[in-house]
Amino acid sequence: MDTLCYTLLLLTTPSWVLSQVTLKESGPVLVKPTETLTLTCTVSGFSLSNARMGVSWIRQPPGKALEWLAHIFSNDEKSYSTSLKSRLTISKDTSKSQVVLTMTNMDPVDTATYYCARI
């Protein structure tokens, strides 16, 4: 009886509940001062074209709090940190399930761990 109930539960559960959402950051470990940093976030388990989904980039300098950098919405609308707006560009390639962040004119104060997050 328990097996039957579990099977029925699986059959009636929407597929999005069973899917696993993952976001994986990739990019260089080090960049030199004045260079441009390009980071890629490859997502799975959801679509970048979904009207309720967006992806943000955030960073955390050593020993400091998280800092939000940029966000891209499903309709391609973009939002940037006011203090870094002139150095940041966020874009997405829905066909590759990727969100790319570029940050120009890197400086030692930009040393941090960079993360992407679904919001």
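Just so it is clear, glycine is given a Cβ too, placed from its N, Cα and C backbone atoms.
The feature disulfide bond is assigned by Swiss-Prot to CYS41-CYS116. Around CYS41 (disulfide bond), the same-chain residues at least 6 positions away in sequence with a Cβ under 8 Å from its Cβ are LEU23, LYS24, GLU25, SER26, VAL55, TRP57, GLN98, VAL99, VAL100, LEU101, CYS116.
Sequence annotations record features per position, and here Swiss-Prot assigns domain 'Ig-like' to 20-119.
Positions annotated as pyrrolidone carboxylic acid by Swiss-Prot, on the basis of similarity to another entry: GLN20. In this structure, GLN20 (pyrrolidone carboxylic acid) belongs to neither helix nor strand by DSSP; it is coil. Using a 10 Å Cβ-Cβ cutoff, GLN20 (pyrrolidone carboxylic acid) registers 7 neighbours.
Distant neighbours of the region 'Framework-1' (20-44): 55, 57, 96-108, 110, 114-118; these residues of the same chain sit at least 6 beyond its ends, with a Cβ under 8 Å from one of its Cβ atoms. Annotation comment: Swiss-Prot describes 20-44 as region 'Framework-1'.
What Swiss-Prot records for 45-54 is region 'Complementarity-determining-1', and it gives similarity to another entry as the kind of evidence. Sequence-distant neighbours of the region 'Complementarity-determining-1' (45-54) (same chain, 6+ residues past either end, Cβ-Cβ under 8 Å): 16, 19-22, 71-75, 92, 94, 97, 99, 118-119.
Look at Swiss-Prot and you will find 55-71 tagged as region 'Framework-2'. Confidence annotation: the region 'Framework-2' (55-71) carries a mean pLDDT of 98 in the model.
Per Swiss-Prot, the feature region 'Complementarity-determining-2' maps to 72-78. Here the region 'Complementarity-determining-2' (72-78) has long-range neighbours at 48-56, 90-92, 99, meaning same-chain residues at least 6 beyond its ends whose C-beta is under 8 angstroms from one of its own.
Look at Swiss-Prot and you will find 79-116 tagged as region 'Framework-3'. Sequence-distant neighbours of the region 'Framework-3' (79-116) (same chain, 6+ residues past either end, Cβ-Cβ under 8 Å): 23, 25, 27, 31-44, 47-49, 55-62, 64, 67-73.
Annotation source Swiss-Prot lists signal peptide at 1-19.
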